[in-house]
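**Student:** Just passing along the structure, written as structure tokens.
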Amino acid sequence: MKTPLTALALAVTATAAFAEYPDKPVEVIVGYSAGGGTDVMARTVAQFLEQELGDGASVVVKNIPGAGGQIGFTEVSEAAPDGYTLGTFNLPAALALTKDRAADYDVDSFTYLANFVEDPNTITVAATSQFQTLGELLDAAEADPGAITLGLSSLGGNDHFAANMMQDASGAEFTLVPFKGASNARTAIMGGHVAAGTMTLGQTSNFPDELRVLAVLADERSPFRPDVPTAKELGYDVQMSSLRGIVAPAGLDEATTDQLRAALSAVNENPGFQEMMAEQGNPIAFMLGDDFAETVSEQDGIASRIWAETPWK
Amino acid sequence: MYSDLLHALPDVFAWTNFAAVVIGVIAGIVVGAMPGLSATMAISVLVPFTFGLEPLVALGLMAGIYNGAMYGGAIPAVLLRIPGTPAAVATTFDGYPMAQKGEGGFALQVAVVSSSIGGIASAFALMLLAPPLSKVTLLFGPSEVFWVAVFGLASIIFLLGGNPIKGLISACFGVFVSVIGSDPIYGNDRFTFGQLELLDGINIVILLVGLYALPPVIDLLETPLKTDGVNSSKLGTEPIWKALPRMNYWKTWLRGSFLGIWIGILPGAGGSMAAFMSYNEARRTSKHPETWGEGEPEGVAAAEVANNADTASALIPALTLGIPGTAVAAVMLGGLLVHGLQPGPMLFRDNPDIVFGFMWQFLFGAILLVLLGGSLATNSFARLLNLPRPLLGSVIIVLMLIGVYSINGRMFDVYLMLGFGAIGWVMDRLKFPLPPVVLGLILGGFAEENLRLALRIGRGDPMVLFQNTTSLILVALTVAVVVGPTLKKRFIDSRKKA
């Protein structure tokens, strides 16, 4: 009796192992509440990923908000690397928070599948501001160190790093004012409560008449705002952006990794996907596998350096 | 822009879009009426599902739920002294005493009519005045918002009533709870004991459910055989058109609507503060303030008109600036984002039919409230009180657990809620007032964050708090609110002597 049963059990396990991935729903963990920018991206990717994985595959988004995304990132890093748990990954936030507090994961805890969104930071003032160019703003901040207030969404994020790198590159000194979220910072700029601010280009895009974007902190001008110069053109070699991609836990086997990367590439090439992302105001910067991992380690280096030089808490 | 408003109207009457509002209002009333389930929760549960819906169906559901829930919260507040939503705390003050006197039916009718009026006023503000009112929001930077919080605390401190020392202790407890979590500027952990779950601070709903719902449930279960003094046969229900002439609260309605709209456009404070201030002002100007707190229908009207008057107006800063006026508006922004609708002036230019359609849905949601809310509440929910007490108590406990669990999907919050429940029960026994705890939590965090931002902007110089007209006006109002009653009393006393 015993032997046939064992054999049967073995046979079942074997078929399961050889069954085509995915044979059950794939979960995408989002470390923020439903309806945020990252959540919307995850749901859009999930919808197209289902098609690309084919065969009635099901991709489910699960929100595990809390501690600035940390609870969700931790959940992904600790999940079984079987391809059934993926997660969204926000840079530099996900790694910055491993510097300033105890975290149960680090840069090596993930298999980097693909990055979808890259939204470059900007230096922005109100449309009514006296500062017409980045140079004028930086001169004022250099002439009277600390007199220029700079609004940002929080300490330890891309806004903060952008401000820090801008100060290092120019010798200017700002008073950094970390609001709760980019919209509050933006409102304070528009209301004249802070002199300037740094936020991503996407966060400025719906306020063309209210805000003046002085520079974008990227290698090249953005196709969305070709009229705005890069800081690099103006003589300050500073790049900072907010990135959003898809990761899996570290140790995902090669076959599944390749299959997922191929599927995510196909998602990116789908015109329907491109159209939806554009509608949501998400600038796509697709990076696959190693390219993504390389950007991640660069960002990790920046966060470590800034934390070492000017710890923010 | 007014032509855009009219242009958006036909779409609103497409049957699916209209049905969404109707379903939303009913669902909102049900959710609001259940202790533990709030509008914020209902809408956040809904957001992922709206991904596949037409925008106006999704938004109609949300507008309906928001309006419905702000009224629904009054039902258990009146019948059981358990506010169904944070904004319904002030409704318990006079609603519950009315129910005990056998006027629960009338209290619910006052609540539904007042809610509806507040909602309609707010919807009109949103439709007609959104752009100018968003300019008002821009005037409020950190130092101004700090003074709003101080003004709120100062004007509400008179609610402490009876024993001011106990009231202050309660308020301090609330402020203490607001301190838990990472600090608003540097992100240092405060009283989190290494718990990641505490880093984001304590959700108001967890505190409210524990503090307010658990003690009455324990009371229910302590005396399982006692039949209730209140039951639906004694509710004193009469048709709403007969009850209407008894409601002559125009001044309160007007004042409450104005306060609700005003507080709605300021980021962060939200429905509870509007309801408290409206209640307080209405009592202060009443000819017979001594009846307040003992079943004064006008008290219910004041609270309910204001907590609905900030619904649509909270969307003004949300839609124009991306900064939501209430927690519910914050979740709704997520629902908009799902449909690619990004807040900002461009939203009104790029998607006028959807944005203005959404505004109409708010208006119709508020109007539908009277039609749906009146009969639903008195005919079905009020009958809950006929349930055997052990059954009613257990149902409420189950709802509390589900509601709190589903905020973040974790048991930690449930334990936290039970802990607050134990504290609430002790406070209740020792006659410590509970409203100051809720206000302390809401306004304490709000005041701290903005004070620290303001001081950072002023590079540590406190004079930054007094540097512009808006701040100075708020300071003057605060002083008037604190000193006013004493001066008035002295003046009256001296006239008596003379």
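Any Cβ shown, glycine's included, is placed from N, Cα and C.
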**Student:** Ranges B:259-279, B:427-447: which does TrEMBL label transmembrane segment?
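**Tutor:** Here TrEMBL associates transmembrane segment with the stretch B:259-279.
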**Student:** Grab the same-chain neighbours of the transmembrane segment (B:259-279) for me: Cβ-Cβ under 8 Å, and only residues 6 or more beyond its ends, written as numbers and ranges.
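**Tutor:** Hits for the transmembrane segment (B:259-279): 70, 85-91, 93, 118, 121-122, 125, 133-134, 136-137, 140, 145, 148-149, 152, 155-156, 159, 252, 299, 302-317, 323-328, 435, 438-439, 442-443, 446.
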**Student:** By Cβ distance under 8 Å, which residues at least 6 away from the ends of the transmembrane segment (B:314-338) in the same chain are close to it?
**Tutor:** 39-40, 43-44, 46-48, 50-51, 58-59, 62, 66, 69, 125-126, 129-131, 133-134, 137-138, 204, 263-271, 344-345, 347-348, 355, 362
**Student:** Flag the pair the transmembrane segment (B:198-218) / the transmembrane segment (B:106-129) as in contact if three or more Cβ pairs fall under 8 Å (sequence separation 6 or more).
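**Tutor:** By the criterion, they do not touch.
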**Student:** Apart from its near flanks, which chain residues at least 6 from the ends of the transmembrane segment (B:465-487) lie with a Cβ under 8 angstroms of it?
**Tutor:** 139-140, 143-144, 146-148, 150-151, 154-155, 157-158, 284, 451, 454-455, 458
**Student:** Within the same chain, where does the transmembrane segment (B:390-407) have neighbours whose Cβ lies under 8 angstroms from its own Cβ atoms, ignoring anything closer than 6 residues to its ends? I mean 6 or more beyond.
**Tutor:** 34-38, 41, 45, 80, 82, 203, 205-206, 209, 213-214, 217, 220-221, 224, 384, 413-414, 417
